[in-house]
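Asker: Residues annotated as signal peptide in Swiss-Prot: 1-36. Among the features that Swiss-Prot reports, N-linked glycosylation site is placed at Asn29. Residues or ranges marked as domain 'GH11' in Swiss-Prot: 37-225. Annotation source Swiss-Prot lists active site, proton donor at Glu212.
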Amino acid sequence: MVSIKSVLAAATAVSSALAAPFDFVPRDNSTALQARQVTPNAEGWHNGYFYSWWSDGGGQVQYTNLEGSRYQVRWRNTGNFVGGKGWNPGTGRTINYGGYFNPQGNGYLAVYGWTRNPLVEYYVIESYGTYNPGSQAQYKGTFYTDGDQYDIFVSTRYNQPSIDGTRTFQQYWSIRKNKRVGGSVNMQNHFNAWQQHGMPLGQHYYQIVATEGYQSSGESDIYVQTH
């Protein structure tokens, strides 16, 4: 999948509201993003959880913050998008998550975040659709945590959108061998494994359990929590 960047320095408004492509009504009208063909880019806090949402505007994609730590994404013939709920800043916390993830084509379900100094975009891939992102990245090693094997990869993005504008930066990947949609992710174990393979992190920005898609359709309904 083409990497999908979160350009999230500020919420970006869509010029006009359009009819919702899905029969999909926000559960919390005071805080949920309005139903539109493409949900406007945004980040902030909702019911005590940090959320982040970005789309390139292609296709039809709807992100909605639901009650508590839940969110939902529905997409059809979309371009690039990534979004979800979690925390800011990121830490080595153990994350519990669950729900539903059904991509028809390219899609990821991942713990997703960024650091600065160095600028790093990272993924712990728990499930994916038709494309394994490790196929175009450099393999660094394998380790075992949370009941399964994870393969570690690194890749470099040149002059691409980031949380700090257009920059060159590295992407770190842990990809679970056996896909799942629900369980615990010990982020400190991933951070330690990356460090052991010469992949240092910097100052943490946000850390979310994200749904990501590229030129695909599908839906997800995910909740997050910590121990």
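Just so it is clear, glycine is given a Cβ too, placed from its N, Cα and C backbone atoms.
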Asker: If I take every residue in the domain 'GH11' (37-225) and average their pLDDT values, what number comes out?
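Answerer: When the pLDDT values over the domain 'GH11' (37-225) are averaged, the result is 97.
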Asker: Should the residue listed as 'active site, proton donor' be counted as helix, strand, or coil on the basis of DSSP?
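Answerer: Assignment for the residue listed as 'active site, proton donor' reads strand.
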Asker: Take the Cβ of Glu212 (active site, proton donor) and count every other Cβ within 10 Å, whichever protein chain it belongs to.
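Answerer: Around the Cβ of Glu212 (active site, proton donor), 29 other Cβ atoms lie within 10 Å.
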